[in-house]
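Student: So TrEMBL says this about it:
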{"type": "BINDING", "residues": "H172, H237, H308, H514", "note": "Fe cation binding site"}
{"type": "DOMAIN", "residues": "330-415", "note": "domain 'J'"}
Amino acid sequence: MSAQYCKNATERPEPVKAEVKGNIPSWLQGTLLRNGPGIFSVGDTSYNHWFDGMSIMNSFTFKDGEMTHRSRFLRSDTYKANMAADRIVVSEMGTMAYPDPSKNFIVKAITFLNHTVPDFTDNGASNFIKYGNDYFATSETNYIRKIDPVTLETQDKVDYLKFLPINLATSHPHYDKEGNAYNIGTSIADKGKTKYTLFKVPAASEKDKGKNVPALKNADVICAVPCRSLLSPSYYHSFGMTDNYFIFVEQPFKLDILRMATAYMRGVNWASCLKFCPEENTLIHLIDRKTGKVVDTKYYTGSLVVYHHVNAFEVDGHVIFDVIAYNDSSLYDMFYIDKLKEEPASHDKRYSKPGYRRYVLPVHPDKGAAIGDDLVKLKFTTASAVKEKEGKLMCQAEVLCEGFELPRINYDVNGRRHQFVYGNIVEESAVSKQVAKFDTETKKMLYWGEEKCWPLEPVFVPRPKGESEDDGLLLISVINSNPGQSGFILILDGRTFKEVARAHVNGEIYKDMHGFFIPEGQ
């Protein structure tokens with residue numbers, strides 16, 4: 001199945017009605033957008049890594065018990081340049097593009113200079129972001145592409161650097177109830193300092209209504225956190241947010257900037273400049289949302305690699321945050337195309353299984369506590385925060401479960417205590433055969449799986465005026481390799497995890513990264 005993920009997709013830009021089996025509840029009105037790599041070879045050239053593939057966007061629109069599907073390739077500058085040249089000419093993280101051997105010296109010299117100070121790709125194949133009233137396809141570079149969420153047509157190219165001093169930014173922002181967006185990016189050697197910049201993009205204002213004002217024009221920097229190392233900033237993919245705090249995990253999985261500057265010359269890709277330092281601790285930054293200042297207490301834990309935060313919340317003077325964590329950085333390597341095409345047996349031996357970990361940070365630790373004391377005073381978790389010299393707290397997580405990834409919650413409870421998490425079961429490999437509902441209180445799981453069906457990341461849609469946290473529906477793209485059957489959107493009841501309906505699309509569904517649901521009228 002893994003090898004199937006690496007074939008070029010086919011776009012279907014015109015909406016086509018799906019064949020529905022079961023009954024889609026009438027209250028489900030809106031569009032599920034999904035984004036992921038869809039083109040892996042151009043002409044005689046191919047990408048080395050699955051994450052590098054050029055974006056294909058999918059929309060699944062629900063209205064009056066029916067669903068329509070369409071898909072388009074993101075018409076990024078990267079896409080246009082590659083297609084015009086009929087070869088890959090724009091470098092991605094795992095694939096360095098070199099000029100056609102027939103090109104002259106001047107072209108080669110310019111290409112070399114462009115890679116010494118990299119101008120990154122605008123191939124936003126990871127997720128969608130909403131800033132103001134606008135939607136953007138995004139990866140993790142300084143470029144995002146505005147898209148029309150109805151037609152999936154590609155619109156403006158937006159450079160974060162024109163509004164904020166950031167060279168990289170996450171594709172997992174947070175949103176508050178007023179529609180403000182919060183995100184974090186890395187400023188590399190800005191005014192001689194490398195730092196992590198937290199920023200806010202306000203909700204669309206009345207004065208800008210009807211005007212073509214870039215949402216990022218109103219962005220505000222909340223705070224800047226100095227990097228532990230000037231030329232080796234931490235890699236990160238997401239962060240946590242509660243009502244009063246941001247949680248940023250500065251992990252010992254780092255980008256070596258000097259090695260990146262010489263990667264092209266050395267004939268290696270930028271991903272080879274990512275280094276995991278297992279001998280180093282992880283530093284956890286707790287940032288006050290109101291003051292924009294990092295709290296004085298220094299929180300540490302052992303070395304780890306985190307891609308996805310689950311949620312964070314506050315209880316009795318403690319900040320609790322849940323993450324999906326790995327013991328090493330081998331997950332990225334598993335998605336190189338040649339590794340995906342290997343036999344599963346050899347593939348699985350290198351698999352680093354993730355753990356769902358819960359950390360607890362005492363916000364105002366007892367200064368009179370003795371060294372060696374555990375300062376966590378909560379009964380419902382075994383997570384600890386032990387006082388060390390100089391008042392540092394060494395945090396140990398409670399492992400709630402293992403082999404669980406791509407976590408999604410009812411976002412209405414984001415920043416508050418949650419009970420239920422939905423995600424993919426990845427016990428044996430990164431290729432998921434099941435989705436699950438995990439109860440953080442009872443530690444019980446409910447599963448869905450079907451022969452020769454490969455479910456992707458579940459997205460929870462709450463029922464309007466729902467009666468409970470899990471009162472809603474799960475929307476799940478499913479790749480179907482049963483002969484003569486097409487892929488489908490699976491709809492599960494959020495409470496029982498039983499199938500409500502499935503909508504078969506006219507065409508293939510491809511493995512993707514993340515999804516974003518837009519309720520009708522938003």
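Each residue, glycine too, has its Cβ placed from N, Cα and C.
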Student: Residues other than H172, H237, H308, H514 within 8 Å, Cβ to Cβ centroid, of the Fe cation site?
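Tutor: Near the Fe cation site, beyond H172, H237, H308, H514, sit S126, N127, T170, S171, S238, Y307, H309.
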Student: Just how many other Cβ atoms lie inside 10 Å of the Cβ on H514 (Fe cation binding site)?
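Tutor: Looking across every protein chain shown, the total is 21.
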Student: Under 8 Å Cβ-Cβ from H172 (Fe cation binding site), six or more apart in the same chain: what's there?
Tutor: N127, H237, S238, F239, H308, H309, H514
Student: I need the most crowded of these binding-site residues: H237, H308. Count other C-beta atoms within 10 angstroms of each C-beta and give me the top one.
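Tutor: Compared across H237, H308, the most Cβ atoms within 10 Å surround H308.
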